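According to TrEMBL, the features are:
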type	residues	note
TRANSMEM	47-65	transmembrane segment
TRANSMEM	72-90	transmembrane segment
TRANSMEM	102-122	transmembrane segment
TRANSMEM	134-153	transmembrane segment
TRANSMEM	165-184	transmembrane segment
TRANSMEM	274-295	transmembrane segment
TRANSMEM	301-323	transmembrane segment
TRANSMEM	330-352	transmembrane segment
TRANSMEM	364-387	transmembrane segment
TRANSMEM	399-421	transmembrane segment
Amino acid sequence: MDWRTTTAFLCLYGAVKEFRPATPFLTPFLASPEKNLTLDELYSQVFPYWTYSYMLALIPMFVLTDILRYKPIVMIEAIGLVATWGLLVFGKGITQMQVMQISFGVASAAEIAYYSYIYSIVDKKHYKRATSYIRSAALLGKLVAFGLGQALISTHASDFLVLNQISLGAVCIVTVIAVFLPRVKSDNAKVSIRALPVEDQQNVEFVTNEPKELKVSYTREYLKRTLEELKECSKNQELLKWSLWWALASCGVYQVQNYTQSLWKEMQADPEDVANGVVEFVNTALGAFLSLFIHHLSIDWASHGQMIIFITSAIIAGLLYVCSQTQTVMVAYISYVVIASIYHMLITAASANVAKELSSNNHGLIFGCNTFVAVCLQSFLTLIVVDARFLHLDIRTQFVVYSGYFALVAIIFAFFFLISLCSKTTRSSIIEEPQDDSKEEVFPE
């Protein structure tokens, strides 16, 4: 199948799976009489289960994504989403909502297959374009869903439960789409052959007649090759820089996204008349635009990437502090949109830059490693800051902590930027150093 057709299939999958109009209203729904949970129960007993399950599920997901060649993991994501919204519609009580968050954590972990699938079928010269299409399709699905959700709530045409029922229908449809996604055949069997020992490559016809033997040999050699490639990747400074930002920024943004509705709810006068959908609509529209727009920018990320990351991280830190102090929900809304837009733009750049630096088909593994580190950091942050067994900070103090976290990220990349600047200055001075003409010329006798 042509890469354009597969990309179109993936875009359709991404758009439909993100068509969940209930998402911006999750906290108001769970805190409503329908579910009857308190804010404290939500952010200290329910929401942390997503972070912990996400972290644990990522371990098998990012390894199996490349071994199973993407499609089975994409199907796990779809099934996890069905379980999540099934529990949201029909479930009751803290325990069932905790199971709902675990299901969503598994689905979130499996999402790595969706975002890395494309790199197994697209030539490197198309990475930037394909990345933009895939991310923009997912954002488009969110855009339509959030717009619909806000319209239904604002006009009182439906309640939060109906939005969750619509979301359940959408994730059921996406499960059907996942079944028809084309299977990636290890680069048309070239990857599987390459994974085998040299002596077995000469007997490919015999081995392929024994599927079990091929699978065992491929898996063993794949894991061995993966460890070697991870060692090689650790020597690539550009890859390490983007992977570090990916992990640190994703950790902070995931945490903000998880708890921002709880912060907004403290400022909202009428819990039944909220503008969460409008905010997510604008946020998603900007994200989709920026994901496409950045593809057309001629930015030398190798030269200016660290400076851009430093400046944007400092902006995010400042905006989060403003959110923690303001009593005006509109200020919190605007700050959130700016933060999310910055992240959408840079994560698209990070995905393309990381993929460009890879020399194999292990995109699922590398993307998974980055996400795994992010979620490990987020789990630690959740455990210390949010969980009832530790500090259990109030929501505003939490956002002060998140502001300090991004300030630390800004400091780290400011340090890297200064080192890079000093290194360039030193190299330039060596190159421009005048030649010493006082040296004696030696003439042959």
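Cβ coordinates are placed from backbone N, Cα and C, and glycine is handled just like the others.
When each of the listed stretches 72-90, 102-122, 274-295, 301-323, 399-421 is scored by C-beta pairs under 8 angstroms to the transmembrane segment (47-65), 102-122 comes out highest. Residues 238, 241-242, 245, 249, 252, 256, 260, 263, 331-332, 335-336, 338-339, 342, 346, 349, 353, 399-400, 402-407, 409-410, 413-414, 416-417, 420 of the same chain sit 6 or more residues outside the transmembrane segment (301-323) yet have a Cβ under 8 Å from a Cβ within it. Taking every listed stretch (72-90, 134-153, 364-387) in turn, the largest tally of C-beta pairs under 8 A with the transmembrane segment (274-295) is reached by 134-153.
Sequence-remote contacts of a segment are chain residues at least 6 beyond its ends whose Cβ falls under 8 Å from one of its Cβ atoms, and for the transmembrane segment (165-184) they are 1, 6, 9-10, 12-13, 16-17, 19-23, 69-71, 74-75, 77-79, 81-82, 84-86, 88-89, 117, 120-121, 145, 148. Residues 115, 127-128, 131-132, 135, 139, 242, 245-246, 249-250, 253, 256-257, 260, 263-264, 267, 275, 279, 282-283, 286-287, 290-291, 293-295, 299, 301, 305, 308-309, 312, 315-316, 319-320, 322-323, 367 of the same chain sit 6 or more residues outside the transmembrane segment (330-352) yet have a Cβ under 8 Å from a Cβ within it.
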